[in-house]
(Lines of atoms letter the chains of each structure in order from A and count residues from 1; the text may use other names and numbers.)
(Lines give C-alpha, C1' and ligand atoms only; values in the text may rest on other atoms or scores of the structure.)
Protein backbone atom coordinates (compact mmCIF):
# COMPACT_ATOMS: atom_id res chain seq x y z
CA UNK A 1 0.00 0.00 0.00
CA UNK A 2 1.50 3.34 -1.06
CA UNK A 3 2.10 6.07 1.48
CA UNK A 4 -0.43 8.92 1.55
CA UNK A 5 0.66 12.13 -0.19
CA UNK A 6 2.16 14.80 2.09
CA UNK A 7 -0.25 17.26 3.60
CA UNK A 8 -0.25 20.41 1.46
CA UNK A 9 1.27 23.46 3.15
CA UNK A 10 -1.14 26.40 2.96
CA UNK A 11 1.12 29.06 4.47
CA UNK A 12 4.41 29.80 2.74
CA UNK A 13 7.21 31.89 4.18
CA UNK A 14 9.80 34.01 2.40
CA UNK A 15 13.34 34.00 3.77
CA UNK A 16 15.61 36.47 2.03
CA UNK A 17 19.34 35.91 2.09
CA UNK A 18 22.27 38.25 1.43
CA UNK A 19 25.59 36.40 1.49
CA UNK A 20 29.03 36.64 -0.13
CA UNK A 21 29.25 34.64 -3.36
CA UNK A 22 31.43 31.92 -1.83
CA UNK A 23 28.96 31.50 1.02
CA UNK A 24 26.06 31.20 -1.46
CA UNK A 25 27.89 28.36 -3.22
CA UNK A 26 28.57 26.39 -0.04
CA UNK A 27 25.41 27.16 1.93
CA UNK A 28 22.52 27.58 -0.52
CA UNK A 29 22.70 24.02 -1.78
CA UNK A 30 19.83 22.34 -3.70
CA UNK A 31 19.34 19.92 -0.79
CA UNK A 32 18.76 22.84 1.60
CA UNK A 33 16.45 24.66 -0.83
CA UNK A 34 14.36 21.50 -1.33
CA UNK A 35 14.19 20.69 2.39
CA UNK A 36 13.09 24.24 3.16
CA UNK A 37 10.43 24.15 0.44
CA UNK A 38 8.95 21.00 1.92
CA UNK A 39 8.48 22.91 5.17
CA UNK A 40 6.87 25.87 3.43
CA UNK A 41 9.96 28.08 3.37
CA UNK A 42 11.14 29.71 0.15
CA UNK A 43 14.77 30.86 0.14
CA UNK A 44 14.98 34.04 -1.94
CA UNK A 45 18.22 35.84 -2.90
CA UNK A 46 18.10 39.55 -2.17
CA UNK A 47 18.90 41.80 -5.13
CA UNK A 48 21.85 43.83 -3.84
CA UNK A 49 21.57 46.28 -6.72
CA UNK A 50 18.31 47.58 -5.23
CA UNK A 51 17.37 48.79 -1.74
CA UNK A 52 16.00 45.83 0.19
CA UNK A 53 13.21 48.01 1.53
CA UNK A 54 11.80 48.07 -2.04
CA UNK A 55 11.84 44.27 -2.44
CA UNK A 56 8.71 43.52 -0.45
CA UNK A 57 8.10 41.74 2.81
CA UNK A 58 10.25 38.85 3.98
CA UNK A 59 9.30 36.89 7.05
CA UNK A 60 13.00 36.57 7.81
CA UNK A 61 16.30 37.91 6.45
CA UNK A 62 19.61 36.11 7.01
CA UNK A 63 22.83 37.85 6.04
CA UNK A 64 26.59 37.97 6.25
CA UNK A 65 27.40 41.34 4.71
CA UNK A 66 29.18 44.16 6.48
CA UNK A 67 29.57 47.91 6.17
CA UNK A 68 27.76 51.05 7.18
CA UNK A 69 25.68 51.16 4.00
CA UNK A 70 24.38 47.63 4.51
CA UNK A 71 23.65 48.29 8.18
CA UNK A 72 21.61 51.34 7.24
CA UNK A 73 19.63 49.28 4.74
CA UNK A 74 18.74 46.74 7.41
CA UNK A 75 17.79 49.53 9.80
CA UNK A 76 15.46 51.11 7.21
CA UNK A 77 13.95 47.73 6.38
CA UNK A 78 13.28 46.91 10.05
CA UNK A 79 11.60 50.28 10.45
CA UNK A 80 9.24 49.64 7.53
CA UNK A 81 8.67 45.94 8.35
CA UNK A 82 8.92 45.60 12.15
CA UNK A 83 7.44 42.08 12.06
CA UNK A 84 10.27 40.74 9.90
CA UNK A 85 13.01 38.85 11.74
CA UNK A 86 16.60 39.88 10.93
CA UNK A 87 19.21 37.22 11.68
CA UNK A 88 21.34 38.66 13.16
CA UNK A 89 21.50 42.36 14.18
CA UNK A 90 24.76 43.88 12.83
CA UNK A 91 25.69 45.53 16.13
CA UNK A 92 25.77 42.12 17.80
CA UNK A 93 27.78 40.49 15.02
CA UNK A 94 30.46 43.21 15.26
CA UNK A 95 31.61 41.88 18.64
CA UNK A 96 32.91 38.78 16.85
CA UNK A 97 34.99 40.89 14.47
CA UNK A 98 37.60 41.31 17.19
CA UNK A 99 39.50 38.37 18.67
CA UNK A 100 39.69 40.33 21.90
CA UNK A 101 36.04 41.19 22.48
CA UNK A 102 34.80 37.75 21.35
CA UNK A 103 36.68 35.93 24.10
CA UNK A 104 35.82 38.52 26.73
CA UNK A 105 32.27 37.20 26.47
CA UNK A 106 33.47 33.70 27.34
CA UNK A 107 35.39 35.01 30.35
CA UNK A 108 32.16 36.40 31.79
CA UNK A 109 30.17 33.17 31.46
CA UNK A 110 29.20 31.66 34.81
CA UNK A 111 30.19 28.04 34.30
CA UNK A 112 29.44 26.96 37.93
CA UNK A 113 25.94 28.31 37.39
CA UNK A 114 25.65 26.19 34.25
CA UNK A 115 26.57 23.10 36.25
CA UNK A 116 23.87 23.88 38.78
CA UNK A 117 21.37 24.08 35.93
CA UNK A 118 22.48 20.66 34.71
CA UNK A 119 22.13 19.19 38.19
CA UNK A 120 18.73 20.78 38.58
CA UNK A 121 17.30 18.76 35.70
CA UNK A 122 17.04 15.81 38.03
CA UNK A 123 18.65 13.45 35.53
CA UNK A 124 21.24 10.91 36.62
CA UNK A 125 22.55 10.27 33.12
CA UNK A 126 26.27 9.75 32.74
CA UNK A 127 26.81 12.71 30.41
CA UNK A 128 25.26 15.20 32.80
CA UNK A 129 27.04 13.73 35.80
CA UNK A 130 30.37 14.10 34.01
CA UNK A 131 29.66 17.74 33.21
CA UNK A 132 29.91 18.59 36.91
CA UNK A 133 33.71 18.28 36.65
CA UNK A 134 34.11 20.01 33.28
CA UNK A 135 35.41 23.57 33.28
CA UNK A 136 35.76 26.28 30.67
CA UNK A 137 38.36 29.01 30.19
CA UNK A 138 40.03 31.11 27.52
CA UNK A 139 43.77 30.98 26.76
CA UNK A 140 46.01 33.73 28.09
CA UNK A 141 46.50 36.38 25.46
CA UNK A 142 47.74 39.92 24.95
CA UNK A 143 47.26 42.48 22.19
CA UNK A 144 50.55 43.97 21.01
CA UNK A 145 49.77 47.29 19.35
CA UNK A 146 53.15 48.16 17.82
CA UNK A 147 56.55 46.66 17.04
CA UNK A 148 58.04 48.29 20.14
CA UNK A 149 56.11 45.77 22.24
CA UNK A 150 57.90 42.87 20.48
CA UNK A 151 61.47 44.07 20.95
CA UNK A 152 61.88 42.05 24.18
CA UNK A 153 59.97 38.78 23.50
CA UNK A 154 61.16 37.04 26.69
CA UNK A 155 59.94 39.90 28.90
CA UNK A 156 56.61 40.02 27.05
CA UNK A 157 55.96 36.31 27.58
CA UNK A 158 57.07 36.35 31.21
CA UNK A 159 54.92 39.39 31.98
CA UNK A 160 51.77 37.65 30.77
CA UNK A 161 52.64 34.15 32.03
CA UNK A 162 53.14 32.56 28.62
CA UNK A 163 55.80 30.25 27.18
CA UNK A 164 56.85 29.39 23.67
CA UNK A 165 55.34 28.29 21.40
CA UNK A 166 52.52 30.81 21.13
CA UNK A 167 49.83 31.54 18.57
CA UNK A 168 49.76 34.83 16.65
CA UNK A 169 46.44 36.01 15.27
CA UNK A 170 45.29 39.28 13.67
CA UNK A 171 43.07 41.35 15.94
CA UNK A 172 40.45 41.50 13.19
CA UNK A 173 38.22 38.49 12.61
CA UNK A 174 36.02 39.98 9.90
CA UNK A 175 36.49 37.33 7.22
CA UNK A 176 39.07 39.36 5.27
CA UNK A 177 42.16 37.67 3.83
CA UNK A 178 44.39 39.11 6.57
CA UNK A 179 42.10 37.84 9.33
CA UNK A 180 43.10 34.29 8.37
CA UNK A 181 46.87 34.92 8.59
CA UNK A 182 47.62 32.95 11.76
CA UNK A 183 50.95 31.52 12.88
CA UNK A 184 52.57 29.20 15.34
CA UNK A 185 55.48 31.19 16.79
CA UNK A 186 58.28 28.80 17.67
CA UNK A 187 61.02 31.14 18.89
CA UNK A 188 61.72 34.72 19.96
CA UNK A 189 62.84 35.63 16.44
CA UNK A 190 59.34 34.74 15.27
CA UNK A 191 57.78 37.21 17.71
CA UNK A 192 60.00 39.98 16.36
CA UNK A 193 58.91 39.13 12.80
CA UNK A 194 55.20 39.60 13.49
CA UNK A 195 53.23 42.47 11.98
CA UNK A 196 51.39 44.54 14.57
CA UNK A 197 48.77 44.99 15.86
CA UNK A 198 48.60 41.30 16.71
CA UNK A 199 47.07 39.02 19.31
CA UNK A 200 49.62 36.76 21.01
CA UNK A 201 47.86 33.78 22.57
CA UNK A 202 49.23 30.90 24.59
CA UNK A 203 49.38 27.56 22.82
CA UNK A 204 47.63 24.76 24.69
CA UNK A 205 48.38 21.15 23.78
CA UNK A 206 45.05 19.58 22.86
CA UNK A 207 45.82 16.21 21.28
CA UNK A 208 45.64 17.55 17.73
CA UNK A 209 41.83 17.70 17.93
CA UNK A 210 39.45 20.66 17.94
CA UNK A 211 35.74 20.37 18.77
CA UNK A 212 33.66 22.60 16.54
CA UNK A 213 30.37 23.46 18.18
CA UNK A 214 27.63 24.77 15.88
CA UNK A 215 24.80 26.86 17.30
CA UNK A 216 21.63 27.30 15.22
CA UNK A 217 19.00 28.91 17.41
CA UNK A 218 18.43 26.48 20.26
CA UNK A 219 20.13 23.61 18.39
CA UNK A 220 23.71 22.82 19.47
CA UNK A 221 25.84 20.24 17.64
CA UNK A 222 29.47 19.28 18.34
CA UNK A 223 31.80 17.61 15.82
CA UNK A 224 35.53 16.88 16.03
CA UNK A 225 38.18 17.88 13.51
CA UNK A 226 41.97 17.68 13.07
CA UNK A 227 43.93 20.56 14.58
CA UNK A 228 47.52 21.61 15.28
CA UNK A 229 49.73 18.82 16.65
CA UNK A 230 50.98 18.84 20.23
CA UNK A 231 54.33 20.39 21.13
CA UNK A 232 56.61 18.79 23.77
CA UNK A 233 56.28 20.23 27.29
CA UNK A 234 58.12 23.56 27.36
CA UNK A 235 61.05 24.47 29.54
CA UNK A 236 61.57 28.03 30.86
CA UNK A 237 61.89 30.73 28.20
CA UNK A 238 65.51 30.08 27.20
CA UNK A 239 67.55 29.12 24.16
CA UNK A 240 67.16 25.49 25.24
CA UNK A 241 63.38 25.79 24.88
CA UNK A 242 63.65 27.34 21.43
CA UNK A 243 65.94 24.51 20.29
CA UNK A 244 63.45 21.94 21.59
CA UNK A 245 60.52 23.53 19.77
CA UNK A 246 62.46 24.04 16.54
CA UNK A 247 63.20 20.32 16.39
CA UNK A 248 59.46 19.69 16.00
CA UNK A 249 58.92 22.22 13.20
CA UNK A 250 58.12 21.29 9.65
CA UNK A 251 60.76 23.19 7.65
CA UNK A 252 64.16 24.85 7.97
CA UNK A 253 62.61 28.04 6.60
CA UNK A 254 60.20 28.11 9.53
CA UNK A 255 63.11 27.74 11.95
CA UNK A 256 64.88 30.64 10.30
CA UNK A 257 61.97 33.10 10.58
CA UNK A 258 60.54 31.56 13.75
CA UNK A 259 57.02 31.35 12.31
CA UNK A 260 54.92 28.53 10.94
CA UNK A 261 51.75 29.45 9.04
CA UNK A 262 48.63 27.54 10.07
CA UNK A 263 47.95 26.78 6.40
CA UNK A 264 51.39 25.15 6.10
CA UNK A 265 50.78 22.98 9.15
CA UNK A 266 47.33 21.94 7.94
CA UNK A 267 48.62 20.97 4.49
CA UNK A 268 51.49 18.96 5.96
CA UNK A 269 49.25 17.18 8.47
CA UNK A 270 46.69 16.29 5.82
CA UNK A 271 48.70 13.22 4.81
CA UNK A 272 49.15 11.88 8.35
CA UNK A 273 47.19 8.76 9.23
CA UNK A 274 48.26 9.25 12.86
CA UNK A 275 46.46 12.60 12.96
CA UNK A 276 43.27 10.99 11.67
CA UNK A 277 43.66 8.32 14.32
CA UNK A 278 43.90 10.98 17.02
CA UNK A 279 40.63 12.48 15.83
CA UNK A 280 38.87 9.12 15.67
CA UNK A 281 40.02 8.15 19.18
CA UNK A 282 39.28 11.51 20.79
CA UNK A 283 36.54 11.41 23.40
CA UNK A 284 33.77 13.93 22.82
CA UNK A 285 32.88 16.44 25.55
CA UNK A 286 29.67 15.51 27.34
CA UNK A 287 26.51 16.59 25.53
CA UNK A 288 25.18 18.37 28.60
CA UNK A 289 28.30 20.50 28.96
CA UNK A 290 28.49 21.44 25.28
CA UNK A 291 24.81 22.37 25.15
CA UNK A 292 25.06 24.44 28.32
CA UNK A 293 28.03 26.40 27.00
CA UNK A 294 26.45 26.83 23.56
CA UNK A 295 23.19 28.17 24.95
CA UNK A 296 24.96 30.43 27.43
CA UNK A 297 27.04 31.90 24.62
CA UNK A 298 23.95 32.38 22.46
CA UNK A 299 22.30 34.34 25.26
CA UNK A 300 25.42 36.38 26.05
CA UNK A 301 26.12 37.21 22.39
CA UNK A 302 22.50 37.67 21.39
CA UNK A 303 23.21 35.71 18.19
CA UNK A 304 21.44 32.80 16.51
CA UNK A 305 23.96 31.53 13.93
CA UNK A 306 27.56 30.91 14.98
CA UNK A 307 30.07 28.29 16.01
CA UNK A 308 32.93 28.17 18.48
CA UNK A 309 36.14 26.18 18.63
CA UNK A 310 36.63 24.17 21.80
CA UNK A 311 39.83 22.33 22.75
CA UNK A 312 40.58 19.95 25.61
CA UNK A 313 43.73 20.65 27.61
CA UNK A 314 46.19 17.80 27.10
CA UNK A 315 49.18 19.60 28.57
CA UNK A 316 51.41 17.60 30.88
CA UNK A 317 54.72 18.31 32.52
CA UNK A 318 56.38 19.76 35.56
CA UNK A 319 54.08 21.90 37.63
CA UNK A 320 51.02 21.20 35.50
CA UNK A 321 48.09 19.19 36.79
CA UNK A 322 46.45 17.42 33.87
CA UNK A 323 42.66 17.32 33.80
CA UNK A 324 40.83 15.70 30.90
CA UNK A 325 37.83 17.92 31.58
CA UNK A 326 39.48 21.33 31.22
CA UNK A 327 38.36 23.05 28.02
CA UNK A 328 39.25 26.29 26.28
CA UNK A 329 37.24 28.35 23.82
CA UNK A 330 39.79 29.64 21.31
CA UNK A 331 37.62 31.19 18.59
CA UNK A 332 34.03 32.17 17.75
CA UNK A 333 32.80 32.60 14.17
CA UNK A 334 29.62 34.15 12.86
CA UNK A 335 27.68 32.24 10.16
CA UNK A 336 30.34 29.53 9.68
CA UNK A 337 30.34 26.70 7.13
CA UNK A 338 27.12 25.06 8.28
CA UNK A 339 27.21 22.63 5.35
CA UNK A 340 29.90 20.75 7.31
CA UNK A 341 27.45 20.14 10.16
CA UNK A 342 25.63 16.79 10.08
CA UNK A 343 22.02 17.07 8.82
CA UNK A 344 22.46 20.80 8.25
CA UNK A 345 19.54 20.95 5.81
CA UNK A 346 17.04 19.75 8.40
CA UNK A 347 18.50 21.87 11.19
CA UNK A 348 18.52 25.08 9.14
CA UNK A 349 15.09 24.44 7.61
CA UNK A 350 13.59 23.97 11.05
CA UNK A 351 15.35 27.13 12.23
CA UNK A 352 14.00 29.21 9.32
CA UNK A 353 10.50 27.92 9.94
CA UNK A 354 10.72 28.78 13.62
CA UNK A 355 11.91 32.30 12.80
CA UNK A 356 9.02 32.81 10.38
CA UNK A 357 6.39 31.18 12.56
CA UNK A 358 7.48 31.30 16.19
CA UNK A 359 5.49 29.09 18.52
CA UNK A 360 4.02 30.71 21.65
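A Cβ is built for glycine as well, from the same backbone N, Cα and C atoms used for every other residue.
Annotated domain 'Inositol-tetrakisphosphate 1-kinase N-terminal' per TrEMBL: 14-93, in sequence order. Marked as 1D-myo-inositol 1,3,4-trisphosphate binding site by TrEMBL: 23, 64, 180, 212, 333, 337. Look at TrEMBL and you will find 99, 169, 201-212, 227 tagged as ATP binding site. Look at TrEMBL and you will find 131-353 tagged as domain 'Inositol 1,3,4-trisphosphate 5/6-kinase ATP-grasp'. The Mg(2+) 1 binding site annotation in TrEMBL covers 309, 331. Look at TrEMBL and you will find 331, 333 tagged as Mg(2+) 2 binding site.
For the domain 'Inositol-tetrakisphosphate 1-kinase N-terminal' (14-93), the DSSP-based tally of helix, strand and coil residues reads 36 helix, 17 strand, 27 coil.
Max Cα-Cα distance over the annotated 1D-myo-inositol 1,3,4-trisphosphate binders (23, 64, 180, 212, 333, 337) is 20 Å. For residue 333 (1D-myo-inositol 1,3,4-trisphosphate binding site), other Cβ atoms within 10 Å of its Cβ number 17. Within 10 Å of residue 212 (1D-myo-inositol 1,3,4-trisphosphate binding site), counting C-alpha to C-alpha distances, fall the following of the binding-site residues 99, 205, 309: 309. Here the Cα atom of residue 227 (ATP binding site) is found 10 Å from that of residue 309 (Mg(2+) 1 binding site). If you check the binding-site residues 23, 99, 180, 205, 207 against residue 331 (Mg(2+) 1 binding site), the ones with a Cα inside 10 Å of its Cα are 99. Residue 211 (ATP binding site) has 309 as its nearest neighbour among the binding-site residues 23, 309, 333, going by CA to CA distance. Here the CA atom of residue 207 (ATP binding site) lies 22 Å from the CA atom of residue 333 (1D-myo-inositol 1,3,4-trisphosphate binding site). For residue 209 (ATP binding site), the same-chain residues lying six or more positions away in sequence with a CB closer than 8 A to its CB are 224, 225, 226, 227, 278, 279, 282, 311, 312.
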